Structure formats: C-alpha cells, structure tokens
C-alpha cells in the first residue's frame, strides 16, 4: 500500500465474474482475514482493519477473526465509507481492484466518498495477490468439455443465432454482446468445467459480434470434442476464435476503437471491463440477452430438469428412510448426514456431485438459515429435535435444490403450527394463478401470509432461479425487486421458512416451473400463469396440523402426493428399492378432506382473497 500511495484498500468476496461461489484461488477475503463466510468486505489501512458482513455470518466472523480485525455488523457501503473517512485523512487515496467490483458497487463507493476530499483510485495491481505470492492456489488445469447433445436444449449455433437476432431487433442495433458471467459462456456454447466447487463452469469471457465470435479461455484445457465443436463453422460467422483468457481487456479496448456498440449486463460486468468501453458506445442493461434467454427453458430443457428431479427425489427418499432408522439409535450427526445424502446423490445416474455445500442442521443450528456442519463441530441428530436439510445435486440433465424439515418425536405446539404455516405459504404460492408479465416481488407475500397472520416472518428471500446443470442460484429469476417478470418456462425455488433463534428452524423448499394456467376464462391477451412443482418429496406428516389447512390446501397436497407416487414410485421400483417404495406409499397417503372448511381456514382464505385483490392492481411489471 505504501509503495502505491494507498491509504485504504478495499477487498471484496467476489471474483472477476461476479460469481456467487468462488474458487480457492479467488478467496482473497478468506486468505486475508481468516473469515470463511461467502459474503463480506474488508478494508485495510496502515494501522487498522475491519470486516463488514451480514447477520448470517456474525457469529462465524466472531469466531474466525483474530484481534487485528474489527467486525462491523452491516453491509451498507455508506457504513464502509464512513469508517474509511474516519480512518483516512483528507487527501488520502482509497484503492480497489476494478476487476473485482461490479459497476453498481463502484458507483456506490464513488457516490459515498464524493466531496469528502478522498480519492477513489482504481488499481489494477491486486495487492492481496502480491502479498499472497506463491502461496496462492494455482489456476485450474482440468478439462473443459462439451455437454452431450442429449442434455442440451439446442445447439450452440442455434443459441448464437438467437442472440444475434435479438441484436438486430434491438432499437440501438448493437454490434457486439460482451459476456462476463461464467454461466453465460458455458450455456451459450454447451460447455462445462469444474473451476468453481459445485458449479460446472470455467473461467472465460465471450465477445459475440454480428460476424465473429471470440472466446477468451485457456485453450489448452479444451477437450478434443469441445475444440472440434467450436471450430466446426470455421471459417465464417459461426467460427469460434480462441483467445487467451487474459487478453480480454486488450481485445475489448481495440474493438471499441471502431464504430461499434457493445451490449452488456451490468450485474455481471466488472467496473474494470465496463470502464474500457466509451460511454457513447455502451448499451447497458441489468442482464445480458444471454442471461435472459437462458432463464426461459425450452421444452427439451424443461423435460431434462423434470427427469433430474425424479432421480433426485429417489436419493432424498433414501436419505429420509435411513434417518428414520439411524437417528433414534444416536448414530447420525449433522456432518455424517450431509456426507450420506451427498453419497446417495452421487450414486444416481448422470450425477456430478452436490450443487452446493449441504446444509444439515439439527435443533438450534437450524435457526441459522445457512448453517453448514464441519467434521470438527457437528451436533448429533436427536428424535426430540427438529432437523432441517437443504441440499441439491448437479446432474447432466439439471440442477436440483430441495429443503425438508422433519421431527421424529413429539414436536411442540409452536413447532407444529409454525411448520404448518410455512407449508401453507409454500402451497399458497405454488397454486397461485397470476397474470402474465407479473413481477415475482408482487406475489412473494403469498408465501408469508399464513405466518403474518400470527405475527411470524422470515428474513431471507422466497426463491431463486435454477439452471440446467449450471448454477443452483440462477439470476435473474426469483421474487426479489431486481428479478425480471415471471414468464412461462422459468424455474424458481419456492422456500418460505421460520427461524426461532437458539431453538429451531424450519424451511420447506421446492423447485417449480412457471406454466400457463388452465383458467375458466381465457385472457384476450396473454394467458395467465401458475406453477408446476417439480420437486417430488413428501412433507413430514408428523409436523402438519390439518386443522389449520383449508380444504383447497388439503386437496392440493393430495394432488401433489398423487403426482409423487406416479412419477417417483416407478423409478424406485426400477432401481429395486422396495423398502423405499413402501415408505413412499405410506408417506403419500391422501389426507382426509372435511366436508366444511374449519373456522381458522375460512378466515385464512378470506385474508388470502383480500390480499390477492389488493395485489392484482399492481401486478403488471
């Protein structure tokens, strides 16, 4: 820092592609601080150092940070800027690596420090990497491979043609699209790698123009089949020219000397790349056309994801039966449970391991929404406590993510009511019918209503998109304010929960496909939409209070259980899992539907109807 005249240096938890998960080589924040959480920002001055992170990681950070570090319990950039201004005198330089910060984050820092007398100075030499030296993990050298045609929705040539068509139809007529998100390039070319744990992606950039395609990647890592696929259209507009990964900045700088317009998505583009392009030659939107195209799965991709969820359900059902046998004997802890379900998934056809680090949380640990056990500290599962497991798999045909919460003993009245109301929220959103072009944020509260009725809530988002053998959290689909409107063909999770600090946690998560709704009256414009749940694992009957459910909710459950039997039952028999098949039959027995709705349920349905009428006026995005 002294050598570069830097008075404060900001270190994020991101990589150069704004990836949610990062490789060990990019874990700069972890190496510098000792903090292993997935989200945080640190600032180092000549005599002080501080870490900012959100409430998920406060306890963890307290354990992992040594006395050099101050823990700041917020993530607001304004808070970071205030701390910097107190630590750095007027005239000081605040530096960061512009290739590790998004455009929006750079702008936020710039605005927060504006007029303070301090200078925000981009520094392309990464100071952490210099200090890390030869101890920094080496880049991945594993092969980048082509996805077999049976597991792709369309050829990469068809995808390129589709993006070029969008370029032609755009009012600005961009001449190129710049792709920085790793899943964008992987999806576009039907290629996969393993540079980042749990994510089948590889380090790359793409510049797709009207007449050429440049792929910036370590070319020696491409498999023979991948190389042949990319060069099959050479020479010509469908010829992929391989460039060195590190040459993207120089290539982009040279390209933008011409009469061009570059289309990019700011959510995944770093300020370092963004700053190379002259403003008058930029077409910037939140997401690139590849990211939005990837979000809407075609019929083939939908079938692939459905098939992956059938086999995934087999593994989860095997796990639930195993737990029923082993937990009462005190033979399972959180860590061994996570290892076991990972192993069950790996045994399934087309498996490429878990899609994220398995969350296996017993009792009070389940109150931490993103808790993951370690071999050194892991609670023994007990029949007298709630157990939450949030796990997923990577398969050639799709990515999965499912959460179930169970109790093998006698749950308390609060546990049972809270679980039932979380389930009601899951059901209410899953069966909702809504107009086309509805923003997810406008219907998200249906997942919370049953909890709100008794003064309960949860602090995380209600859902996220998911990929076809790609990211388990796939933007821009979901229920948050920065997600795009819901459209047929999108997959999203639906995952309400409830967490009682120091006691227990509940979450019920399913993956659902947005489909056209079969309504009594057909809309004159676009058809109404609803969800088709593709996760196929029954809920814990021991935790359901039927008296709280309406007859419609019970009928939905019975219909869902019938679908589970029809789709998963044959697969269990095909795999000769007779004990699991018997367990499934018992666990999906239809619930009795009363002749009248209970008073509680009637009140709940009136509240739901009222909420729907209020929301419908603002549903159009």
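Any Cβ shown, glycine's included, is placed from N, Cα and C.
In TrEMBL this protein carries:
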- 1-124: domain 'Creatinase N-terminal' (DOMAIN)
- 303-515: domain 'Peptidase M24' (DOMAIN)
- 527-591: domain 'Peptidase M24 C-terminal' (DOMAIN)
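Note on the domain 'Peptidase M24' (303-515): its mean pLDDT in the predicted model is 96. Summarised by DSSP class, the composition of the domain 'Creatinase N-terminal' (1-124) is 44 helix, 26 strand, 54 coil. Here the domain 'Peptidase M24 C-terminal' (527-591) is broken down by DSSP into helix, strand and coil counts: 40 helix, 5 strand, 20 coil.
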